[in-house]
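> Quick paste of what Swiss-Prot says about this protein:
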- 116, 117, 118, 119, 120, 121, 122, 123, 124: 5-phospho-alpha-D-ribose 1-diphosphate binding site (BINDING)
- 120, 148: orotate binding site (BINDING)
């Protein structure tokens, strides 16, 4: 384990962001562990330190704009934009569709980094990428605090503060469901 990995894990535990239990993820899968990065993001100094790990990985990437899908990517986009001297905006859902609102625009040819707090399946950042590309922007990387993908979920280069292997299950194969353990649904995908 790298020193930065230990620092990130220790910080996530310290703020109560790494949870144990039975969780219904926004992807629809179930897990016995959950990373609630909102618990990290409520502490600006700790978030700054954890996001510096991924900001350092972006130093040699040529990009113009940071875009974070609401909800999890908004503060991450702001903080990475602040650390790297880039403007930051966000996409959000309107009537269930990811879109740009609030006067935000992406110029044709702008190079964009998409941010997230946690990436599991990549659904949110893929929706944001579609919006960016429809506006004429070019996605050059995806970054997150926690990468918990089971493998390659994107053709875009992906950078993270930490890679965590957290097992997840389809609902019909979930051992916690079979044991009758009730789940909680901590994600934000259903925000309209």
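Placed from the backbone N, Cα and C atoms, the Cβ positions cover glycine too.
A description of the local structural setting of each listed feature is requested, covering burial, neighbours and distances.
With a 10 A radius on its CB, residue 124 (5-phospho-alpha-D-ribose 1-diphosphate binding site) counts 28 other CB atoms from all the protein chains.
In the three-state DSSP assignment, the secondary structure recorded for residue 148 (orotate binding site) is coil. In this view, residue 148 (orotate binding site) is surrounded by 22 other Cβ atoms within 10 Å of its Cβ, with every protein chain counted.
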> Same chain, not part of 116, 117, 118, 119, 120, 121, 122, 123, 124: whose C-beta falls within 8 angstroms of the C-beta centre of the 5-phospho-alpha-D-ribose 1-diphosphate site? Give them in sequence order.
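Here the nearby residues are 26, 27, 72, 125, 144, 149.
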> Using all protein chains in view, find how many other C-beta atoms are within 10 Å of the C-beta of residue 118 (5-phospho-alpha-D-ribose 1-diphosphate binding site).
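A 10 Å sphere around the Cβ of residue 118 (5-phospho-alpha-D-ribose 1-diphosphate binding site) contains 25 other Cβ atoms.
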> Given the binding-site residues 116, 118, 122, state which is nearest to residue 148 (orotate binding site) when distance is taken between Cα atoms.
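If we rank 116, 118, 122 by Cα distance to residue 148 (orotate binding site), first place goes to 118.
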